[in-house]
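Next up is a structure, given as structure tokens.
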């Protein structure tokens with residue numbers, strides 16, 4: 001059996017078909033565990049969900065690493081198809097062990113959180129259950145059960161999707177739910193006790209007593225709001241201070257243009273008022289001249305009518321007619 005496992009493992013490494021699922025696993029874990037993964041065991045929820053499709057793909061790769069003719073030769077040399085199936089299963093379990101070790105050791109070695117033994121055991125059991133489910137689904141979707149690559153992808157992908165999305169379905173759903181419902185260890189929360197005491201002192205509040213962990217949501221909210229608002233406020237003040245001369249110049253130019261418009265409007269109003277006064281003066285002068293001319297004509301005409309022996313009414317009509325004729329001539 002050991003020789004068969006070694007043969008299957010060496011054949012898998014030589015074919016390099018394991019690289020795609022392994023690279024997918026690392027790429028999916030990098031953003032989850034690269035920064036601050038958070039306290040255990042909740043952080044292992046995501047790694048367990050990622051492990052299910054990767055283990056299924058890896059199992060299909062191990063089972064289909066040989067073509068059908070070569071597999072028949074391996075069965076004949078191993079002593080039967082059962083021994084070959086067990087050898088394929090052991091090879092998949094060894095590959096899953098590497099995947100589980102990566103998911104468990106990465107946050108332990110890179111983060112500063114405490115990882116109690118109880119949380120580590122819960123994480124290992126959850127990953128083993130999820131990896132076993134993915135491996136079983138992959139082996140049932142590979143040869144000799146399903147011979148087509150398309151059918152293997154469709155059936156395996158659908159099985160993994162149902163197992164991952166249904167949190168009530170064992171074993172994947174129950175394992176992930178148990179990790180989510182596990183309480184955060186007190187030792188992990190104790191890592192934030194000292195910074196909480198220092199921040200509470202800065203805000204003028206009484207720090208918690210020695211050995212007591214106080215979680216004050218208002219203090220945390222004030223600290224986060226204060227620290228998040230400092231940098232944007234400084235940047236906004238600096239930008240306003242840099243653009244203040246430009247704003248003053250624009251404001252001064254706008255005021256200057258407004259004064260020019262007001263002055264032009266006032267000059268235009270004064271010009272219209274002066275033209276009106278000149279027109280009225282010319283009209284008054286013309287009326288006065290006409291009145292003077294009419295008076296000059298009326299007096300000699302009236303005297304002539306009197307000397308001619310006309311009555312006063314007739315003399316008045318003659319003078320009025322003369323005045324009207326003079327006015328028409330002046331207007332013409």
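Placement of Cβ uses the backbone N, Cα and C atoms for every residue, glycine included.
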Looking at 3-30, 115-142, which one is transmembrane segment according to TrEMBL?
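The listed stretch tagged transmembrane segment in TrEMBL is 115-142.
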The transmembrane segment (115-142): which same-chain residues, six or more beyond its ends, come within Cβ distance under 8 Å?
40-41, 44, 47-49, 51-60, 63-64, 88-89, 92-93, 96, 99-100, 103-104, 107-108, 151-152, 155-156, 159-160, 163, 171-172, 174-176, 178-179, 182, 185, 187-188
Checking distant contacts: for the transmembrane segment (44-63), what same-chain residues at least six beyond its ends satisfy Cβ-Cβ under 8 A?
8, 12, 17-18, 20-22, 24-25, 28-29, 32-33, 88, 91-92, 95-96, 99-100, 103-104, 107, 123, 126-127, 130-139, 141-143, 152, 156-157, 159-160, 163-164, 172, 175-176, 179-180
